[in-house]
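Visitor: Relevant sequence annotations retrieved from Swiss-Prot are reproduced here:
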TRANSIT   1-38  transit peptide
REGION    35-83  region 'Disordered'
TOPO_DOM  39-129  topological domain 'Mitochondrial matrix'
TRANSMEM  130-151  transmembrane segment
TOPO_DOM  152-173  topological domain 'Mitochondrial intermembrane'
TRANSMEM  174-197  transmembrane segment
TOPO_DOM  198-246  topological domain 'Mitochondrial matrix'
TRANSMEM  247-270  transmembrane segment
TRANSMEM  272-292  transmembrane segment
TOPO_DOM  293-358  topological domain 'Mitochondrial matrix'
BINDING   R298, T299, K300, F301, R302, N361, S362, G363, Q364, G411  glutathione binding site
TRANSMEM  359-377  transmembrane segment
TOPO_DOM  378-392  topological domain 'Mitochondrial intermembrane'
TRANSMEM  393-414  transmembrane segment
TOPO_DOM  415-710  topological domain 'Mitochondrial matrix'
Amino acid sequence: MWLSLPRSGYGSVATLTSKRVLACLTPLRQFSTSPAVSNANHKNVDNINKSPANDAANNAVEKGDKPTTSPEKLATKAEKSSANSVKAAANALGESNLSNSEQRRLDWIIMKDMLKYIWPKGKTSVKFRVLVAVALLVGAKLLNVQVPFFFKEIIDDMNIEWNSATALGVGITALIFSYGAARFGAVLFGELRNAIFASVAQKAIKEVATNVFRHLLKLDMAFHLSRQTGGITRAIDRGTKGISFVLSSMVFHIIPIALEISLVCGILSYNFGWKYALVTGATMVSYAIFTITTTSWRTKFRRNANRADNEASNVCLDSLINIEAVKSFGNEGYMVDKYQSALTKYEKASIKIATSLAFLNSGQNLIFSSALTAMMYMTCCGVADGSLTVGDLVLVNQLVFQLSVPLNFLGSVYRDLRQSLLDMGSLFSLQKVAGQIQESPNAKPLQLTNGEIRFENVTYGYHPDRPILKNASFVIPGGLKTAIVGPSGSGKSTILKLAFRFYDTQEGRILIDGQDVREVTLASLRSAIGVVPQDTPLFNDSIMNNIRFGRLEADDKEVENAACAAKLDALVRQLPDGWNTNVGERGMMISGGEKQRLAVARVLLKNSPVVFLDEATSALDTNTERQLLANMDQVLGDKTCVAIAHRLRTVADSDKIICLNQGGVEEEGTQAELLLKDGLYKSMWDAQEQVELGEEGIKEAEEKAAKKDV
């Protein structure tokens, strides 16, 4: 089929996220960011691992009128909309460099948006879980603070002369058991908190991921053809992993850390004086400033790693999706080198992440160790002059180390939180990508009578400076078979995409039974049209399920009948697994002709009143093609059928033939009428006849030679 735009299939995006492809991406996956893993590794682990162009036209168009908005203004609006979408998509894939202030602004927006998952409206069970988790958290912190006091009392009570006759008193024994119970209770409350809150985080992950996936499927073809799917899947993968950490951080880290630091500082100040409060306060301020400043500096390394990760994923995905081409041209080595080059970029960025992490950890440890040394010195002086006891020394030591836990969390949580927010920013940016194809607020379901399709002064081009259709006007009569033919680049397949509203016209309008396609709902429009594309999009699933994709509610018998009409039943009977035979990635385990018959079966099962056939039999042999076309003519009956064809013999029986050339209608009529005109169609027909007659002569000679040999 002649095309002016590289084809990717009418549903190929959905096939790109197969398990086989995603499996190759797992070596680059991040470490888990669940609360349990974060707590275990908080010190040393870093997560290295409504189209504006058409609104004016729609408002201006009345029945029989042309848009009053000039093509130049329409193009300008379309470019602005496209530019905004591209910018949002670039943010989503880590391809744009945000300043620190812009990144912080985005972080706050994300955290504000995540609050609705912690405290959702109308979901009492979720709110109850959050309240219980918070109560367990407070209980754990209070028990944690009690542990050093029990230890101090034990030390002071034990600071006596002991001999073999001395026994532990009831008080000391009770303190020892209280010490153990407090430690165990703090840990138990923490684990119960994690278990109870887990469902809240997982529900949020499911809801966000589903919303993003739904939005991606609603975006127009222009977006999907301009983006690399590998980068999108990685953005979703990283973003969903960050949701759990951000939610748990908001509930279990930020507020609790502030609470614990306040408790420890208050105790030190109350029990030991203002000097301890001064050291503690200076430590807090120094630690926070150093951590925030250093982490902000490190963010660019993480962004570079994400960009390299996306690049590697894209190379891997493209290689596996096009594995046949890779092997056919023997370019395995080239693709490996390309993949390794992307991994090298990821390696360099990851090394910078690791080395900057070492600097961060060292600086944090220096600040904390200095504070610990100062406090221990002051306490030892107090013990020496008798104002403090040995138990007080132990208490200060324990409280300072108690302070180290929230301090370390402050550093690691802020660091990991920034990384998670950076990853989530990509995920949420995908939701802000505005599709160029928008449904009108007043859209109504398409009402079909006879299925007439009318193009009125339609101008469209995939690029503004290269229009494919130029002020084209023609009518596809309802209930009849119409063929669209023409040389390469004349806009044949573009007509299908515009009728289906994969794209919107830049000028003019398209009417189906008198209804502008931009004024009807997308669901009703696309359910009314069935398509057999030249490049058949198949899923890595069974033959039965691939055909049933045309109408999901169809039963097995209906699927089998559609396959029989498409001459596919004979193939199925020969297969060991029959209808359950898997067709492989993009249908690579069956032949091109078999794929086309499967696509025909799918559209026959859909049973839509309008059918487009885009070179639907180009991969079939002559006999199978004739049988299939005869079957389809019988099955389609009085449906509106539009056949886009290169081989003119396959559409010679059409009720009407529209011949396109240079973006407009060159001529139209029946086969006989066009041959009498002696125009473009006649010249194309004669050229093909000469080729086919030559091929038939060669075939006859080969058959005669074979009989002679026998």
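Each Cβ is built from the backbone N, Cα and C atoms, and glycine gets one as well.
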Visitor: Quickly jot the same-chain residues contacting the transmembrane segment (174-197) by Cβ under 8 Å, restricted to those at least six beyond its ends, or write none.
Guide: 35-36, 129-130, 132-133, 136-137, 139-141, 143-144, 146-147, 150-151, 153-154, 157, 247-248, 251-252
Visitor: When you measure from the Cβ of R298 (glutathione binding site), how many other Cβ atoms are you left with inside 10 Å?
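Guide: By my count, 21.
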Visitor: For the binding-site residues S362, Q364, work out the Cβ neighbour count at 10 Å and name the residue with the minimum.
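Guide: Least crowded of the binding-site residues S362, Q364, by Cβ count within 10 Å, is S362.
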Visitor: Going along the chain, which residues six or more apart from R302 (glutathione binding site) have their CB under 8 A from its CB?
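Guide: R302 (glutathione binding site) has long-range Cβ partners A349, I353, R418, Q419, L422.
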Visitor: Going by DSSP, how much of the topological domain 'Mitochondrial matrix' (198-246) is helix, how much is strand and how much is coil, in residues?
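Guide: For the topological domain 'Mitochondrial matrix' (198-246), the helix, strand and coil counts are 45 helix, 0 strand, 4 coil.
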Visitor: Taking every residue in the topological domain 'Mitochondrial matrix' (198-246), what is their average pLDDT?
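Guide: Within the topological domain 'Mitochondrial matrix' (198-246), the model's average pLDDT equals 76.
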Visitor: Mind checking which residues reach the topological domain 'Mitochondrial intermembrane' (378-392)? Cβ under 8 Å, same chain, six or more beyond either end.
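Guide: Long-range Cβ neighbours of the topological domain 'Mitochondrial intermembrane' (378-392): 151-156, 159, 271-272, 275-276, 279.
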Visitor: Using DSSP, how many residues in the topological domain 'Mitochondrial intermembrane' (378-392) fall into helix, strand and coil?
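Guide: Looking at the topological domain 'Mitochondrial intermembrane' (378-392) with DSSP, the answer is 10 helix, 0 strand, 5 coil.
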Visitor: Who are the chain neighbours of the transmembrane segment (393-414) in space, where the CB to CB distance is under 8 Å and they lie at least 6 residues beyond its ends?
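Guide: Cβ under 8 Å, 6 or more out: 38, 42-43, 144-145, 147-149, 151-152, 155, 249, 253-254, 256-257, 260-261, 264-265, 267-268, 271-272, 276, 280, 283-284, 287-288, 291-292, 295, 360-361, 364, 368, 371-372, 375-376, 379-380, 383.
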Visitor: Over the span of the topological domain 'Mitochondrial matrix' (293-358), count residues by DSSP class, listing helix, strand and coil in order.
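Guide: So the topological domain 'Mitochondrial matrix' (293-358) is made up of 62 helix, 0 strand, 4 coil.
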